[in-house]
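Engineer: Sequence annotations record features per position, and here TrEMBL assigns domain 'Aminoacyl-transfer RNA synthetases class-II family profile' to A:218-515. The Zn(2+) binding site annotation in TrEMBL covers A:C311, A:H362, A:H492.
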Amino acid sequence: MKKLLKTDKIESIRHSLAHILAMAVLKKFPQAKLGVGPVIENGFYYDFLLKGQGTSDMGQGTTVEINLKDIEKEMRSMLKQNLDFKREKLTTAKVKKIFKEQPFKLDLIKEFAKEKKEITAYHTFSDKGKDTIDKEFKNPVTCHMSHVACFFDLCRGGHVSNTSEINPDAFKLTKISGAYWKGEQKNPQLTRIYGVAFETKEELKKYLWQQEESLKRDHRILGEKLKLFTFAEKVGPGLPLWLPKGTIIREEIENRAKKVEKDWGYERVATPHIAKEELYKMSGHIPYYAESMFPPMKLDDGNYYLKAMNCPHTHMIYKSEPRSYRDLPIRYAEYGTVYRYELSGTLAGLLRTRGFTQNDAHIYCREDQVEEEFLKVMKLHEFWYKNVFSITDFYMRLSLPTKNKDKFANIPEGWEKSVEILRSTMKKSGLPFIEAEGEAAFYGPKVDFQIKSVIGREETASTNQLDFLATKRFNLTYTDNDGKEKPVYVIHRAPLGSHERFIAFLIEHYAGEFPFWLAPVQTTVLTVTDRANSYAEEIVKTLKNKEIRVSYDQRNETIGKKIREAELQKIPYIIIIGDREMESKTISVRQHKKGDLGKMALEDFLKLADK
RNA sequence: GCCGGAGUAGUUCAGUGGCAGAACGCUUUCUUGGUAAGAAAGAAGUCGGGAGUUCAAUUCUCCCCUCCGGCUCCA
C-alpha cells in the first residue's frame, strides 16, 4: 500500500542507482560476483560476493566506512558521465555468454529459462562507449577497465533513461550487512550494500535526520527514561503496566475524548471484559477470529472469552430496548479494554500489545443517515489530529477484500454497497485517501487512518468500519415511520485507536516533549538554598490549587544539577526560587529547551501556562 | 509463531572455568550553591530460569522465558 504513494520516478531512480552501485563495486573489485539489486523502501541494495577481501575484515568499522564513501564517490563520478540506460530483450544463449563469469546471474538465467520468462537486460553506457558495446559486453566486468563505462544487468526494468535524471547529492550508501543468496542459509553469504535515495537533496537530508531522531525518540527508551510505563516478565509479554506519569497522559487524553465525544453527540457506556462463547458465535468472531483471542475459560455454564473487541457487548446495549427511527442515530462511546493473543514475535513496546484500551464507539443509524454519519466521523478524525495533536500528515486508507476471500464473510451485496458508500464519503470529506486490497476486516470494508509523525513513523491510528454483518447476525433493527422493522447500519470508529499505540506514537512525535496539557509534570519548583524552602512551598501550594501538576525539588543539590535533571525529564517550565525571588516576591521561570525567561510574578506565569 | 541477535547492580555496559566489576542512580555525611552533573563514604547482584558436563559453571552444552531486528499481522 505504501507503494501507492510513491511515484514511479523515484522507483526508477532507486533502481538505476542499484545498477550504478554494482558498476562502482565492479570497478573497485573487478572480481566481484553480482547477486541481485532491488528497490526497497527509501532506497535500494545490491548483493555481492567480494573475493579478495581477506579474512582480516572481521573488525568492520572503519574499513567498511571508508569503502562506502569511496564507492559513493565512484558512483557520483559515474552519474556525472550522463550514462544512458537502455532496455534490451535477449536470448538465453546471449545472456549466458554475457554473464559467463557471474555464477549468480547464471543461476537466475537458468531459473528464468525454466519458468519460460522473457529475459530482459538493462544496458548502461556512455556515448563514448556506444561503438564498443558489442566488443565490451562479452564481459561486463572488464569493460570498466577500459575507462568506458558500460554495464549489463539482468533486469525487469523501471529505469531512468539517463543518469542526468539522478541527483548525485540525493543518495547515500548507508550500511553493509550479510545476506544469503536467495535468502537461504545453505547458499553462500553475500555482502549486501544498502543505499537510500530521493529525488532531492532536501528529502535525503530529512530522511537522515528522521533516522537519527527516531533512535533518540524511540518510545520504549523514552518511556523508561520519563517513567511512563513498564513491562514485567511475571505479568506477561505484551501487557504494559502504566506508571503514574504515563497514566496522567492516558487520563488527560481520555478526559479530552469524553468532552469531545459529548460535544459531537455521543453517549458513554461501559461493558465488562469477558463474555460467553455464545456472544462471539453470534458475532461470527469464533470462526474468523478465534486464533487471535486468548483461549476460553471453562466454567459451569460454558466457555467465557476475554473480549478482543467491544462491538458485540455494545450491540447488546443497542438491543436492550426496541428502537424507533426517531432515536437514530445512536452513538455509544466507550474506552474499552480488549485482549488479543498476538504472535509473540510481533509484539513491540506499546505499538503492539496483547492488552489495550480502545477509544471505541459504535454508531447505529438509518440507511439515509450513513453518509452523513461517516462524514462526521472523518471530520472528527481531522479535528483530533490537526487541531488537538498537530499531526498534519495523515491519510485514509480504504481497505477492500480481494485476496484471501475465505477470510471474509461471504455477503457480496453488502460488501459492494458498503464500499460504494465509503468511497463516496471519502471523496466528500476532502481528506486524502488511497485504496488497498486485502486489508479489510471480515465483517466489512474499513477505512484506516494512517498518521505520520514528524520523524516519519507511519501508524494505523484508527480503524473505522461500516458493518453490515452485525446487523444481520445480531438482528439490529428499528421501527421505521411506516411501522415496519428495518435493519440499522453500524459504524465502528476509533479515532485515537488505542491508548497504547496512540501514546507510543505521541511520545515519538513529540520526542517526549509533551504539550503543556499532556505533560505529566507541568512545572517543577527548584530551590537554590534551603533558606528559600518556606517561600517555595507557598508557591507549590498555590500552583497545586490552580490544578497545575507541579513537583518540588528541595534536595541538597546544586541548582545546576536540579536544572539538568528537570531538563532531562523534559518538564515544560522550571521555577527557580532563591533569595532574590524571596525578596522580590517573584519567581524565576525557565522554559524547556528555551532557557531562562527571567523573573516574573506568579500570576504572569499562570497566564503564560494557560496558553 | 518462524529466522537471526541479546539477557551481568535500579540504568547503561565491561569481564571471567576458581572471592563479581565500572559509570550513573540510590543512602549517609560534608557542602548552602544562581540556570544542564560540588565532594567523600556506603549499600546494592539467584550474572534471565531450569537441567547437564566438571573437583569447580555467571563462563561450556541442552531446554525454556523475556527483549531486540526482520517475516507476518494489526489498534
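Placed from the backbone N, Cα and C atoms, the Cβ positions cover glycine too.
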Engineer: Among the binding-site residues listed here, A:H362, A:H492, which has the most company in the form of other Cβ atoms within 10 Å of its Cβ?
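Structural biologist: For the binding-site residues A:H362, A:H492, the Cβ with the most other Cβ atoms within 10 Å is A:H362.
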Engineer: Residues near the Zn(2+) site, A:C311, A:H362, A:H492 excluded, by Cβ within 8 Å of the Cβ center?
Structural biologist: A:M309, A:N310, A:T314, A:H315, A:D360, A:A361, A:Q465, A:D467, A:A470, A:V490, A:I491, A:R493
Engineer: Helix, strand or coil by DSSP: which one applies to A:H492 (Zn(2+) binding site)?
Structural biologist: strand
Engineer: Counting only residues 6+ away in sequence within the same chain, which have a CB under 8 Å from the CB of A:C311 (Zn(2+) binding site)?
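Structural biologist: When sequence neighbours closer than 6 are ignored, A:C311 (Zn(2+) binding site) has A:S283, A:H362, A:D467, A:A470, A:V490, A:H492 within Cβ distance under 8 Å.
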